[in-house]
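S.K.: So Swiss-Prot lists these for the protein:
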type	residues	note
BINDING	THR30, LEU31, GLY32, PRO33, LYS51, ASP87, GLY88, THR89, THR90, THR91, GLY415, ASP495	ATP binding site
Amino acid sequence: MAAKDVQFGNEVRQKMVNGVNILANAVRVTLGPKGRNVVVDRAFGGPHITKDGVTVAKEIELKDKFENMGAQMVKEVASKTNDVAGDGTTTATVLAQSIVAEGIKAVTAGMNPTDLKRGIDKAVAALVEELKNIAKPCDTSKEIAQVGSISANSDEQVGAIIAEAMEKVGKEGVITVEDGKSLENELDVVEGMQFDRGYLSPYFINDAEKQIAGLDNPFVLLFDKKISNIRDLLPVLEQVAKASRPLLIIAEDVEGEALATLVVNNIRGVLKTVAVKAPGFGDRRKAMLQDIAILTGAVVISEEVGLSLEKATLDDLGQAKRIEIGKENTTVIDGFGDAAQIEARVAEIRQQIETATSDYDKEKLQERVAKLAGGVAVIKVGAATEVEMKEKKDRVEDALHATRAAVEEGVVAGGGVALLRARAALENLHTGNADQDAGVQIVLRAVESPLRQIVANAGGEPSVVVNKVLEGKGNYGYNAGSGEYGDMIGMGVLDPAKVTRSALQHAASIAGLMLTTDCMIAEIPEEKPAVPDMGGMGGMGGMM
């Protein structure tokens, strides 16, 4: 086991604070509408330019082990805030730096670190309650666009495209961000349920221009095994043919004689059919087949529940207004499923999201909810170069998370104003313990730091602006983008309450732990012996 370097007291705390400051100073320059970019070197490819706090934080590793521990703890603030709210990482880092700086002074002056932490925790709890009280619901497209553009560093185009996407797929719908092919941002909306399986044979195509198979008012047959024998299918095919309507078959696979017969019938015009594979694998496939069944009003024909393909009737088939099958995707538009059953299914999947542990599972479950509830929107980010696209994509993803958070818990005045107004909750907060009261005062001063940093990044004088904002009431604040004072919500400078709350809670949590640290242990790196020279090889010269 390698030897350890153990350090105590103020000396080690100072090293930890140095690490906090290095990371926080790199992150804080990105805050606000006039925040600067940070350029990050990459091992492969060009440098990465970003204004996203958590991206900057994740890149920082320091040489000194003790400084690095401080930096890593603040990195945790940024990534935790990002996980919970999706934005507000820079605000959280600035708050953590401020609480640590003020708190270390108090600890050095001889105050009890544990009582300071308790005071900080009580102050934060009071601020969070006050933020909930002053939050306003975020319902309109205009407000959603404003939140999006503020989060994307005052890029109004980004806010507008996110608001449009939310309007089209609903607040529950899935919105994904992809690389675009042009210079402009584009929005692509898939209405209805889409899954990533296409036709099993190109002979099913009936729209040569779009290269898709389009079925109007079709029946939908769902089967959870392979179909290779056409005899199993004949009874149901005859019933569909009598009804003179097309048929979509979704099964584990359709192959051999069965597929050949369907193709021949399709080409001759006897019966318009299309066969596709069922989406997903294993248990996820069963669940998705059940989703499609509920959406279209079908029954999944499965031997597990005693149903067989030969005995299937039209009552077991689902229906939809239109289904489009491409080479790689199938889209079901306006399924005939029962609305109450669809809602119950969505509620059931939401319950699974609550209990899911892995991010992958959660993401897949959320996709299923969106497909049942609304649809899927894809924002394609356009840019002139790859470096610009990465930077823009970071901002669009941040803005998307911020708008979701705003819809969830409402909005508060942006630009650091909400935290200043929430301070009113601390004015009458007395703990009956001098050191805990000092902890409350630390938070009271720290909540000014985001506004101070926004003003500093915009080239203003922080103290002058903070005093002027404190003289005002309600949503009165300073718009660093335009240099004006006024009603922040009226000017469209909004922050999601969830983002502000998460930033404050995570910053205080880690900062409190740092203040109560009195010993740090790091591994002493082993000195590697020098590589010996190639002695005795001198005579090689004569071999030429």
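Glycine residues also receive a Cβ, built from the backbone N, Cα and C atoms like all the rest.
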S.K.: Please list, in sequence order, the residues in the chain of GLY415 (ATP binding site) that are at least six apart in sequence and whose C-beta is under 8 Å away from its C-beta.
M.R.: GLY32, LEU451, ILE454, GLY477, TYR478, ASN479, ALA480, MET488, VAL493, ASP495
S.K.: Within 10 Å of the Cβ of THR90 (ATP binding site), how many other Cβ atoms are there?
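M.R.: 28, counting other Cβ atoms within 10 Å of THR90 (ATP binding site).
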S.K.: So what sits near LYS51 (ATP binding site) in its own chain, CB-to-CB under 8 Å and at least six residues off in sequence?
M.R.: THR30, GLY35, ARG36, ASN37, VAL38, ASN153, GLU391, ASP394, ARG395
S.K.: In sequence order, which same-chain residues at least six apart have a C-beta under 8 angstroms from GLY88 (ATP binding site)?
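M.R.: THR81, ALA402, ASP495, PRO496, VAL499, THR500, SER502, ALA503 - these are the non-local Cβ neighbours of GLY88 (ATP binding site), listed in sequence order.
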S.K.: Could you tell me which of these binding-site residues, THR30, GLY32, has the fewest other Cβ atoms within 10 Å of its Cβ?
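M.R.: With the binding-site residues THR30, GLY32, fewest surrounding Cβ atoms within 10 Å: THR30.
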S.K.: Under DSSP, is THR90 (ATP binding site) part of a helix or a strand, or is it coil?
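M.R.: The residue in question, THR90 (ATP binding site), is helix (DSSP, three-state).
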S.K.: So the record assigns THR30, LEU31, GLY32, PRO33, LYS51, ASP87, GLY88, THR89, THR90, THR91, GLY415, ASP495 to ATP. If I measure every Cα pair among those residues, what is the longest distance in angstrom, as a whole number?
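M.R.: Site span for ATP, by Cα atoms: 17 Å.
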